[in-house]
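First up is the structure itself, then whatever we jot down about it.
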Amino acid sequence: MFKGSIVAIVTPFNNGAVDEKKLRELVDFQIENGTDAIVACGTTGESSTLDNEEHLNVIKIVFDQAKGRVPVIAGTGSNSTAEAIHLTREAKEIGVAGVLLVTPYYNKPTQEGLYLHYTAIADAVEIPQILYNVPGRTGVNLLPETVARLAGHKNIVAIKEATGSLQQASEVMALCGDQIDVFSGDDFITFPMMACGAKGVISVTANIMPKAIGDLTDAFYAGDLEKARQLHLDTLKISNAMFIESNPVPVKTALALMGKCSDEVRLPLAPMSAANKAKLEAIMKEYKLI
């Protein structure tokens, strides 16, 4: 259903408010440079610090600006199952192609709780749903066995695996077969994950290098594994630089250095330290991004 390079787009701000003009420009920048789909209001889009009205408005803006050129996927996850169902219903009304559902954070549910949470959403709203496992941020790991239980639901079509573990991603693929598509949630292992059977990446790096990440996944699908491997190695340093501080602080700083949008983030995130900004700027100069 979805494949290739999917950008987890940032939400630009201007003096505390969502910057609609810059967001629309970023959507065009992505599509013009070969991005296959766009996730609005993911982790990189600072969904956790958008209020409900802003959250749905960002999804609407991205969907409207995409104009059907690429699929738009809405982040509608929450640590409240009822809230996740509400956001998913609203996103479906907007017209998005699918939703991305992060595991409930802070509550620390059991595997049974995770299974019941995702099943409740999938039962409630008929729309393609992508599970999102990122234990480094949520405090809970959606285990391969639980993914396999969920994979049989007709509305659950994929998982974004952001454990950083090639072993866990491989176990998901081994257990689920073709029942569910797997996407890398970490740019630094996109190529190895695709070699194991992943369909692509939901990418942070694509915010600043959409063509390179798109070329990587395109080369893989074209059977040019050497080109894909080389692009993987070539983008490794910049992908790692996107995490020298908490995401999306580095990628927003990078976009600001490129003149694409403000580096403004919402508290409790803070602007990048001067030392890390200098490191990031040096790496971006190596890549001729600035």
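Heads up, the Cβ atoms here are built off N, Cα and C, so glycines get one too.
Pulled from Swiss-Prot, these are the features on record:
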- Tyr132: active site, proton donor/acceptor (ACT_SITE)
- Lys160: active site, schiff-base intermediate with substrate (ACT_SITE)
- Thr44, Ile202: pyruvate binding site (BINDING)
- Thr43: site 'Part of a proton relay during catalysis' (SITE)
- Tyr106: site 'Part of a proton relay during catalysis' (SITE)
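Known features from Swiss-Prot, placed on the structure.
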residue : record                                         : contacts (Cβ under 8 Å, 6+ apart)
Thr43   : site 'Part of a proton relay during catalysis' : Ala8, Gly75, Val102, Val134, Arg137, Asn247, Pro248
Thr44   : pyruvate binding site                          : Ala8, Ile9, Val10, Val204, Asn207, Asn247, Pro248, Val251
Tyr106  : site 'Part of a proton relay during catalysis' : Asn79, Thr138, Gly139
Tyr132  : active site, proton donor/acceptor             : Gly42, Gly75, Gly77, Leu100, Leu101, Val102, Thr103, Ile159, Lys160, Ala162, Gly185
Ile202  : pyruvate binding site                          : Ile6, Val7, Ala8, Val39, Gly42, Leu100, Lys160, Phe183, Ser184, Gly185
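In the three-state DSSP reading, Tyr132 (active site, proton donor/acceptor) counts as strand. According to its DSSP assignment, Ile202 (pyruvate binding site) is in a strand. Using a 10 Å radius centred on the Cβ of the residue listed as 'active site, schiff-base intermediate with substrate' and all shown protein chains, the other Cβ atoms total 27.
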